[in-house]
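Inspection log for the structure reproduced underneath, given as structure tokens.
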Amino acid sequence: MPTEWTPVKTYSDIVYEKCAEGIAKITINRPEKRNAFRPETVAQLFEAFCDAREDQRVGVVLLTGAGPHADGKYAFCAGGDQSVRGSAGYVGGDGVPRLNVLDLQKLIRSMPKVVIALVAGYAIGGGHVLHLVCDLTISADNGVFGQVGPRMGSFDGGFGSSYLARIVGQKKAREIWFLCRQYDAQQALDMGLVNAVVPVAQLEEEGLKWGREIMQNSPLAIRCLKSAFNADVDGQSGLQELAGNATLLYYMSEEAQEFHRAQREKRPPDAGQFPWLP
Ligand SMILES: CC(C)(COP(=O)(O)OP(=O)(O)OC[C@H]1O[C@@H](n2cnc3c(N)ncnc32)[C@H](O)[C@@H]1OP(=O)(O)O)[C@@H](O)C(=O)NCCC(=O)NCCSC(=O)CCC(=O)c1ccccc1C(=O)O
């Protein structure tokens with residue numbers, strides 16, 4: 001039975017849907033621009049990801065690009081829309097220049113849900129960084145990966161370079177940025193940049209299969225694991241995420257609830273009932 005997707009809200013630049021199995025799907029919908037993002041695209045992606053983060057039924061988010069375009073080509077995302085790039089960032093309909101994709105990268109990395117990039121065709125420039133910051137990437141056999149900044153006047157010195165180096169190693173990351181080559185899906189798999197490669201017609205089904213498997217597992221365990229993986233590379237903000245989960249688990253304990261109740265009831269807490277575990 002094909003999965004039934006229910007639209008959440010209508011947007012100009014993205015399609016946002018959910019299915020009954022706790023999986024959300026966010027599709028960048030600008031195929032005529034190889035799904036390049038403008039400020040409005042990023043704002044809409046941010047809103048959809050926030051909704052998925054808040055929805056307690058959702059455990060997995062699939063991020064993908066609409067396609068193929070009329071010319072038959074596929075794209076996950078070709079990065080920032082160069083036709084609206086001004087001297088201080090990408091200029092939206094409101095005339096304000098922004099680099100708001102950085103907020104989106106942080107949200108994808110920190111939200112306590114599993115984000116899976118489904119890449120068909122080009123994942124280039126800022127579009128490559130978008131798949132990179134997702135927890136997992138499944139590529140179609142036509143996936144094309146690469147950075148272009150030094151060829152066209154841009155660079156991502158944040159997750160786009162340092163996190164890339166954590167994933168593929170320093171030498172390979174420098175090669176990717178300094179030479180601006182394109183890599184096919186098999187090369188991406190070989191360097192650990194993607195988790196799996198499947199025929200393009202099976203991309204969504206494979207993403208759903210992985211999503212369904214994840215949905216069988218413990219939400220709290222996966223939440224803590226995601227923040228632990230981030231803590232290893234994200235410095236103090238990574239520790240903040242991990243520690244936030246420790247606080248969440250503590251709040252959920254009988255012990256924290258007794259101490260909270262005691263404060264509210266203006267009485268001493270019954271500390272004796274709680275063990276000092278070894
Ligand atoms: C992706 C390509 C390799 C595909 O090539 P091809 O299949 O031959 O297609 P084309 O004929 O080139 O393109 C078809 C059509 O799409 C338009 N298009 C493609 N990409 C873009 C784009 N990025 N912006 C705008 N338009 C795009 C193209 O113009 C064609 O339209 P026509 O009307 O027919 O002309 C190839 O398309 C390609 O190389 N694209 C450009 C890739 C690129 O330069 N991307 C931007 C890199 S910089 C970036 O992503 C910003 C990073 C970022 O956001 C950031 C990071 C860190 C800190 C700050 C920031 C920040 O916010 O700036």
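Note: Cβ is positioned from N, Cα and C throughout, glycine not excepted.
Just so you know, TrEMBL annotations are computer predictions that nobody has curated.
Feature annotations, courtesy of TrEMBL:
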- Arg34, 78-82, Tyr90, 122-126, Ser154, Tyr251, Lys266: substrate binding site (BINDING)
- Tyr90: site 'Important for catalysis' (SITE)
- Tyr251: site 'Important for catalysis' (SITE)
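Secondary structure at Tyr251 (site 'Important for catalysis'), as computed by DSSP, is helix. Less than 8 angstroms from the CB of Tyr90 (substrate binding site) sit Phe37, Arg38, Pro39, Gly80, Asp81, Val84, Pro97, Arg98, Leu99, Asn100, each of them six or more residues away in the same chain. With a cut-off of 6 Å between Cβ and the nearest atom of ligand 1, the recorded positions Ala123, Tyr251, Lys266 reduce to an empty set. Spatially close to Tyr251 (site 'Important for catalysis') yet at least six residues away along the chain are Gln257, judged by Cβ distances under 8 angstroms. All chains included, 26 other C-beta atoms sit within 10 angstroms of the C-beta of Gly125 (substrate binding site). The Cβ of Arg34 (substrate binding site) lies under 8 Å from the Cβ of His69, Lys73, Ala75, Cys77, Ala78, Gly121, Tyr122, Ile124, Gly127, each of these being in the same chain and 6 or more residues away along the sequence.
Gly79 (substrate binding site) carries neither a helix nor a strand DSSP state and counts as coil. A 10 Å cutoff on Cβ-Cβ distances gives Asp81 (substrate binding site) a total of 22 other Cβ atoms nearby, all chains included. In the three-state DSSP reading, Tyr90 (substrate binding site) counts as strand. All protein chains shown were included, and the count of other CB atoms within 10 Å of the CB of Ser154 (substrate binding site) stands at 16. Each of the binding-site residues Gly79, Ala123, Lys266 was scored by other CB atoms within 10 A of its CB, and the lowest score goes to Lys266.
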